[in-house]
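J.: Attaching a single structure in structure tokens format; questions to follow.
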Amino acid sequence: MFGKFSSKRLTIEHSSQSERIRRDSFGMFDGYDSCSEDTSSSSSSEESEEEVAPLPSNLPIIKNNGQVYTYPDGKSGMATCEMCGMVGVRDAFYSKTKRFCSVSCSRSYSSNSKKASILARLQVTGKPPTKKAKVLQKQPLVAKLAAYAQYQATLQNQAKTKAAAVSMEGFSWGNYINSNSFIAAPVTCFKHAPMGTCWGDISENVRVEVPNTDCSLPTKVFWIAGIVKLAGYNALLRYEGFENDSGLDFWCNICGSDIHPVGWCAASGKPLVPPRTIQHKYTNWKAFLVKRLTGAKTLPPDFSQKVSESMQYPFKPCMRVEVVDKRHLCRTRVAVVESVIGGRLRLVYEDSEDRTDDFWCHMHSPLIHHIGWSRSIGHRFKRSDITKKQDGHFDTPPHLFAKVKEVDQSGEWFKEGMKLEAIDPLNLSTICVATIRKVLADGFLMIGIDGSEAADGSDWFCYHATSPSIFPVGFCEINMIELTPPRGYTKLPFKWFDYLRETGSIAAPVKLFNKDVPNHGFRVGMKLEAVDLMEPRLICVATVTRIIHRLLRIHFDGWEEEYDQWVDCESPDLYPVGWCQLTGYQLQPPASQSSRESQSGSSKQKKKAKSQQYKGHKKMTTLQLKEELIDGEDYNFLQGASDQESNGSANFYIKQEP
């Protein structure tokens with residue numbers, strides 16, 4: 001949807017005009033070149049600017065993306081709009097009094113909307129009431145109630161943000177990356193994540209304008225910094241002028257609201273002020289910036305707009321979907337979207353009485369489908385006790401769901417009884433000997449794990465024929481992956497040729513499997529944020545430990561290898577470093593760090609519970625489903641779940657035995 005960004009180079013030109021006014025094209029005040037912090041902070045903007053000498057005639061200006069930034073008149077300093085609160089250059093404001101940034105604000109201030117504006121600003125800033133608040137006394141009761149509701153919502157949001165911050169206290173991706181010299185997977189590896197398809201060539205040495213935290217001025221000021229290191233969305237920044245001094249380096253999310261391209265301060269009327277630690281290094285900071293920024297790269301001017309657009313999600317609360325039953329993977333149920341965070345959906349099963357029976361997945365997950373999908377392909381479906389839709393609920397449009405690759409089933413195709421290798425959805429660290437148990441429509445297959453199947457098919461699961469989670473016979477051997485043999489099979493080491501002969505089975509043809517491998521960009525050792533698919537509400541600090549074609553082995557930092565997961569390189573359950581911070585989702589820190597905190601006991605309990613979940617989940621699922629079948633629950637043999645689509649080209653080399 002979005003074209004790739006290309007970082008814009010800054011070019012420098014010299015002005016031939018005889019005089020330029022006091023704020024330069026960087027948005028930098030002349031007065032800060034030589035004044036001390038004490039005089040800057042104690043004197044008013046008008047007084048300090050009157051003392052500044054005119055700029056020399058040869059002072060350069062900057063062209064950024066074809067736009068020339070000139071020097072706005074700074075004689076009267078900065079102004080704040082009394083209506084909307086926007087800060088800008090006073091001379092650009094409306095009317096002789098310079099009280100408003102535009103005609104509309106001037107008119108609005110004179111109307112009744114002035115009252116609502118004052119109230120909103122009081123709530124957001126949290127400042128005590130002033131004389132302006134007296135107008136609220138005249139507000140109608142309905143307006144007061146609405147304002148109070150908005151205030152309560154603001155407090156709740158602040159409480160949620162604070163709770164998330166407390167839960168992650170003690171863990172910092174920046175410190176974690178720096179202290180261990182880790183490398184994070186680049187944002188371009190995650191096409192489903194915000195900016196994944198339009199990250200462009202954002203890299204080290206790109207310059208940005210950021211808040212200057214090394215300053216004692218009473219107002220918020222900015223300075224230019226360069227990217228020293230990238231880790232997903234996070235960037236290690238160093239203020240210009242520090243050269244090789246890393247003393248004030250800091251990490252921030254490059255998609256955050258305080259990160260701007262060079263030239264933003266000039267366009268927005270914001271001051272550029274050098275950090276006080278290095279303020280003495282140069283007498284002419286403007287000349288320094290001109291030299292440093294000539295030929296440098298910065299963010300595209302519409303970067304923040306693209307970030308905002310990439311975080312708009314089509315799924316909305318109250319939409320109905322069909323989703324895999326987390327307790328019985330052989331069937332689906334109707335669920336309702338409860339909330340959307342960064343494209344991840346919290347789905348509540350429609351027949352859940354207390355709305356606590358939920359399931360988390362990404363909107364592009366192969367586990368969710370439009371209403372009626374199960375019936376259309378022949379997959380099992382649990383009928384709901386609810387006879388009609390609840391008020392406000394509506395079916396999700398089919399075009400919003402991830403599309404699977406179309407396949408031709410008319411020629412040679414998968415058949416029931418064929419053998420293959422498949423990732424066990426109940427133990428994602430293993431690839432097992434498996435059998436195709438039923439061929440559904442549209443390329444979907446019902447698959448069972450050999451040696452642990454129920455006679456009624458209650459523990460079958462569904463993969464699409466193009467799924468990267470199924471493999472031809474011999475895949476594990478040729479790629480040196482440990483294949484899990486059927487439970488109870490005693491002839492070890494396991495040999496496919498012997499097993500096929502003993503069971504009278506045939507292997508699924510190699511040519512029917514997905515052999516496309518995209519140029520995904522992942523490398524062993526890269527850090528990322530990954531969903532714990534055994535408890536999909538959790539997103540954890542993780543590492544890529546193996547790469548086999550398009551298959552990634554994901555290790556959760558601080559946990560034993562038995563909790564690893566085999567995941568496709570295009571899985572929507574993988575995210576760049578900093579994704580949780582960007583979207584407001586809670587990240588689970590490495591288990592070893594959690595144990596160092598006061599929760600060491602709970603960490604051990606979690607490990608034990610998780611181990612029991614892995615080892616006992618399959619048996620429990622089968623027994624539960626058998627009990628429900630005995631009770632006479634009605635089933636239609638209809639839906640399932642595919643895995644991720646694939647693109648690119650590569651070949652699997654399968655060893656052929658006589």
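The backbone N, Cα and C atoms fix where each Cβ goes, and this holds for glycine too.
It should be emphasised that the depicted structure is a prediction, and the values quoted were computed from it without experimental measurement.
These came from TrEMBL, pasted as-is:
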{"type": "COMPBIAS", "residues": "10-25", "note": "compositional bias 'Basic and acidic residues'"}
{"type": "COMPBIAS", "residues": "592-603", "note": "compositional bias 'Low complexity'"}
{"type": "COMPBIAS", "residues": "604-620", "note": "compositional bias 'Basic residues'"}
{"type": "DOMAIN", "residues": "72-107", "note": "domain 'FCS-type'"}
{"type": "REGION", "residues": "1-59", "note": "region 'Disordered'"}
{"type": "REGION", "residues": "590-620", "note": "region 'Disordered'"}
{"type": "REPEAT", "residues": "171-275", "note": "repeat 'MBT'"}
{"type": "REPEAT", "residues": "283-379", "note": "repeat 'MBT'"}
{"type": "REPEAT", "residues": "381-486", "note": "repeat 'MBT'"}
{"type": "REPEAT", "residues": "494-590", "note": "repeat 'MBT'"}
J.: Could you break down the residues of the repeat 'MBT' (171-275) into DSSP helix, strand and coil, giving a count for each?
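T.: Breakdown, helix to coil: 16 helix, 30 strand, 59 coil.
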J.: Limited to the repeat 'MBT' (283-379), I'd like the whole-number average of pLDDT.
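T.: Across the residues of the repeat 'MBT' (283-379) the model's pLDDT averages 93 on the 0 to 100 scale.
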J.: On the DSSP side of things, how many residues of the repeat 'MBT' (283-379) fall into helix, strand and coil, could you say?
T.: 22 helix, 36 strand, 39 coil
